[in-house]
Amino acid sequence: MSEYSLFTSESVSEGHPDKIADQISDAVLDAIIAEDKYARVACETLVKTGVAIIAGEVSTSAWVDLEDIVRNVILDIGYNSSDVGFDGATCGVMNIIGKQSVDIAQGVDRSKPEDQGAGDQGLMFGYASNETDVLMPAPITFSHQLVQRQAEARKSGLLPWLRPDAKSQVTCRYENGKVVGVDAIVLSTQHNPDVSYKDLREGVMELIVKHVIPAHLLHKDTQFHINPTGNFIIGGPVGDCGLTGRKIIVDTYGGMARHGGGAFSGKDPSKVDRSAAYAGRYVAKNIVAAGLAERCEIQVSYAIGVAQPMSISLNTFGTGKLSDDKIIKLVRDNFDLRPYAITTMLDLLHPMYQATAAYGHFGRTPVEMTIGDDTFTAFTWEKTDRADALRAAAGL
């Protein structure tokens, strides 16, 4: 639910330059974790016309073919020809990854794993609300679904003139905290030069927008802005430079919840920017799934080298069945939010991260994956397997 009468969120496709960078960073992380699950990885990526640069710090015994990883990500997204503005097969790849600082390592590593310190200071937020089936805000959920559908229509050949870069934006109308309508939809998609605007608009409206947005939420005054500038032929890294970590609101809750500022992609689970944000989502989602509140935002903070959180705060915005203080006690009693405990609780030491790097880290479906000999569940932070225990502990 929302205290707003109107709320807008945006998303971007896997072919957006910043998302290319995120996916490359997480593909590097996955490749290293697949060989050395205790590796320390911080990988940043920059993509621009004809070049991809990876930089950062890594501590690992593994060897991976970084250039091959970078090229495969770009090609899999669909940038496979100079005709679309970028070609993963021929672009330059520059690697300037170095070793992790020993000063950071001594603050994180411990002889007893459960005493592992946080990889940095910082504050992280988790959020959930009951306004959608996936316990996410509706505007960001619809925005993700639009660009996901754009990619499906492009890759399947349903709309063969689509190109990889795309952005979406959805404005939802709320009454008494519930979504009652969609007032505006913006969808900008890169396309081939030979498609007419009439055909593009018709195809996008019928096969993307109407496929995603529930008909009962559309009304006579809903505004549809499909490629509002007219042409969107030049896109991807030619049109804009892409950087890891530039879409942190797209990655999370579309602005409906607060954000601590730390990006996710390219970071192994010892970095609480990522793992504690996942844990925050897990806690908040289980609170809402348990019926303890209709809406919940949790904040956790850490100090570098210290295992225990500095603080745990929580707000149910007046929707809680219990006081926020009592729910915080339930959180402390049922969730261990030390870094190592989070990694264990959510089973994070697997090569699952490239799958998170487009279309949002939250509101996804837990899915079993097999990479090499490793079979695991991705998106474990979306499980509601502690809801019953929370409900029982609350006496509901």
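Quick reminder: no glycine exception, Cβ is built from N, Cα and C everywhere.
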Exercise for the section: Out of 100-110, 243-253, 254-264, let me know the one Swiss-Prot marks region 'Flexible loop'. Expected result: 100-110
Practice task
May I ask which of the binding-site residues HIS16, ASP18, ASP240 is closest to LYS271 (L-methionine binding site) if we compare their C-alpha atoms?
Solution key: ASP18
Handout entry: Number of other Cβ atoms within 10 Å of the Cβ of ASP18 (Mg(2+) binding site) across all protein chains
Key = 22
Practice task
Looking at ATP and its recorded binding residues HIS16, ASP165, ALA166, LYS167, ASP240, ARG246, LYS247, ALA263, LYS267, figure out the farthest C-alpha pair and report it in angstrom, whole number.
Solution key: 25
Problem - Same chain, 6+ residues apart, C-beta under 8 Å of the C-beta of GLU44 (K(+) binding site), given in sequence order - result: ALA21, SER25, ILE54, ALA55, GLY56, LEU243, THR244, GLY245, GLY266
Exercise for the section: Work out how many Å separate LYS267 (ATP binding site) and ASP18 (Mg(2+) binding site) at their Cα atoms, rounded off. Expected result: 16
